[in-house]
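A.B. asks: Mind having a look at this structure? Questions to follow.
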Amino acid sequence: MCELKELERELQPRQHLWYFEYYTGNNVGLFMKMNRVIYSGQSDIQRIDIFENPDLGVVFALDGITMTTEKDEFMYHEMLAHVPMFLHPNPKKVLIIGGGDGGTLREVLKHDSVEKAILCEVDGLVIEAARKYLKQTSCGFDDPRAEIVIANGAEYVRKFKNEFDVIIIDSTDPTAGQGGHLFTEEFYQACYDALKEDGVFSAETEDPFYDIGWFKLAYKRISKVFPITKVYLGFMTTYPSGMWSYTFASKGIDPIKDFDPEKVRKFNKELKYYNEEVHVASFALPNFVKKELGLM
């Protein structure tokens, strides 16, 4: 494993160092100016880069794919975490697979009902880097309710049966690192088995525009396992297309019929993106998405 070392480098005003991320087919992409390189290293699994952008703040990337930026990470983390958390009647035990930056854990821990939240991250160096450089998202690491496990999530979840109220999959891109292991039908079945009867599940399932293949495959596989499977969407400005998909699933809870907006209105923790109106609206899908999923 690569040791975590200081790699800060101030760039001179005339130095134009840019970060490029290419989307599907390498014909479209994202580029960001780097005014400070904070960390760059290679673990046994993936390349880790952390740098500063004048407008977006600290940017975190794995294998050349943007994971978080300080300015917009709340959009992704709130939608991934709070949709399932508010749908469960009393979430006490939560498993997060992936999400080594800590943002999803931070949001889960905003719920006072939570007694234990396990964050299972495959790459220990990501946890070290997040703890040191991603203060905004890793602030929940030392919460007494949090437990950090370094393990392959696809293998770890198989240890449990009827154990969790909520399982959240905060995976990397399926083509990077070991992210593909978290997109298999066998993995989704293991998550189903690890949930209690009233348990709920959510997963990031890529963008429904450039990554349409992975998006459709995830929905197809999840819906084979869970009797209730619904896609919902949210904005994510630095992810491909700006439109991001998530998939909610459960053994019996419906994300619209069983949603209680009053629980959200009474919530006394800060939410910058998610609210009761956004919850309902996020499940309204554009026609092109419905068509790809065979829903029209």
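The chain as shown is numbered from 1 upward.
Here the Cβ of each residue, glycine as well, is placed from N, Cα and C on the backbone.
Below, the features straight out of Swiss-Prot:
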DOMAIN    16-251  domain 'PABS'
BINDING   Gln46, Glu121, Asn152, Gly153  S-methyl-5'-thioadenosine binding site
BINDING   His77, Asp101, Asp170, Ser171, Thr172, Asp173  spermidine binding site
ACT_SITE  Asp170  active site, proton acceptor
A.B. asks: Find, for the listed binding-site residues Gln46, Asn152, Ser171, Thr172, the residue with the lowest Cβ contact count at a 10 Å cut-off, counting only other Cβ atoms.
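C.D. replies: Counting other Cβ atoms within 10 Å of each of the binding-site residues Gln46, Asn152, Ser171, Thr172 gives the minimum at Asn152.
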A.B. asks: Looking at the binding-site residues Gln46, Glu121, Asn152, Gly153, which has the shortest Cα distance to Asp173 (spermidine binding site)?
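C.D. replies: So, spelling it out, the nearest of the binding-site residues is Gln46.
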A.B. asks: Provide the three-state secondary structure of Gly153 (S-methyl-5'-thioadenosine binding site) computed with DSSP.
C.D. replies: helix
A.B. asks: Which chain-mates of Gly153 (S-methyl-5'-thioadenosine binding site) that are at least 6 residues away have a CB under 8 A from its CB, listed by sequence?
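C.D. replies: Residues satisfying the criterion: Ile97, Gly98, Cys120, Glu121, Val122, Ile169, Ser171, His181, Leu182.
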A.B. asks: So for His77 (spermidine binding site), how many other CB atoms are inside 10 Å of its CB?
C.D. replies: 27
A.B. asks: Hey, how far is Asn152 (S-methyl-5'-thioadenosine binding site) from Asp170 (spermidine binding site), Cα to Cα, in Å?
C.D. replies: 13
A.B. asks: For the domain 'PABS' (16-251), provide the mean pLDDT of the predicted model.
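C.D. replies: Here the mean pLDDT over the domain 'PABS' (16-251) amounts to 95.
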